[in-house]
Amino acid sequence: MSSVRIECVAGQGCRIAESPVWDEREGALLYVDITGRQVCRWSPGTARSRAIPVDAPVSSVALRKSGDYVITLGTRFAALKWEEELVTTITQVDKDKPNNRFNDGKVDPAGRYFAGTMAEETQPAVLERHQGSLYTLFSDHSVVKHFDQVDISNGLDWSLDHKTFFYIDSLSYSVDAFDYDLQTGKIGNRRSIYKLEKEESIPDGMCIDIEGKLWVACYDGGRVIRLDPETGKRLQTVKLPVDKTTSCCFGGKDYSEMYVTSASDGMDKEWLSRQPQAGGIFKITGLGVKGVPPYLFAG
């Protein structure tokens, strides 16, 4: 195992940084601050972040084939033109649930945007249960609902052969797998492939590496864990200097760097004084494995 190095590169003080995604076109890392209501882009070249404010909690960001980005904003799928700082609504879900918002989202290998909803939290991980659903936005801007009764819709990714969809509903403390049809985007045959240990706490965002292993950020667990989806075994644990790790992705020129987002919401002054980097974006090098470039929304 090569020597793992962790450094905080950006975003200290984000309330809930989430949804990191590497933008190869810009050579930059995108991420959102959900409750801070900002879409951010950090450039390693300048070591600076630029943030675009939005009018609702923004929970995920994805690349768009035609350029710029798509985001999940409140209960809307929306398009974001970066330079113009212009947000336009594509469509809305959960119209009958004014207390809901989107949470994590990611584009599938065919260019569809999968994203799920949840009830607004009264405090971190405390919320009305079973209010969320999982949706897909297709390239023609139609939306399909896969299932409901979700607590906190979270980490998503796809196996390298595109036959399995991985998904996390955080309060189930489980990483789940579904059979996945690349042609139609349909999912089925849900099963649990990993149950989190007590010290790992709550499973949050997730990504896959080029060996087909999953990396899961553990909220309140202060770590990312590497799992083998075939055997259900944990292969590696990387601890971070903050408790509220929220998501992870691979990036950098050859996708050999891992970026991990974190949160500061729900931490009191004493806790924050012990973890001054809470809400920061961390870069991990030396993992000895590379990641998979993100897919682009086709619509």
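Cβ from N, Cα, C; glycine included.
Residues or ranges marked as active site, proton donor/acceptor by TrEMBL: Asp204.
Cβ neighbour count for Glu18 (divalent metal cation binding site): 26 (other Cβ atoms within 10 Å of its Cβ, all protein chains included). The divalent metal cation binding site annotation in TrEMBL covers Glu18, Asn154, Asp204.
Positions annotated as substrate binding site by TrEMBL: Arg101, Asn103, Glu121. In sequence order, Leu127 make up the list of same-chain residues 6 or more apart from Glu121 (substrate binding site) whose Cβ falls under 8 Å from its Cβ.
The domain 'SMP-30/Gluconolactonase/LRE-like region' annotation in TrEMBL covers 17-264.
The binding-site residues considered are Asn103, Asn154; of these, Asn103 has the fewest other C-beta atoms within 10 angstroms of its C-beta.
Counting in whole angstrom, Glu18 (divalent metal cation binding site) lies 14 from Arg101 (substrate binding site) by their C-alpha atoms.
Summary of the substrate site environment: with the site residues Arg101, Asn103, Glu121 set aside, the chain residues having Cβ atoms within 8 Å of the Cβ mean position are Ile34, Pro57, Ser59, Asn100, Phe102, Thr117, Met118, Ala119, Glu120, Leu127, Ile152.
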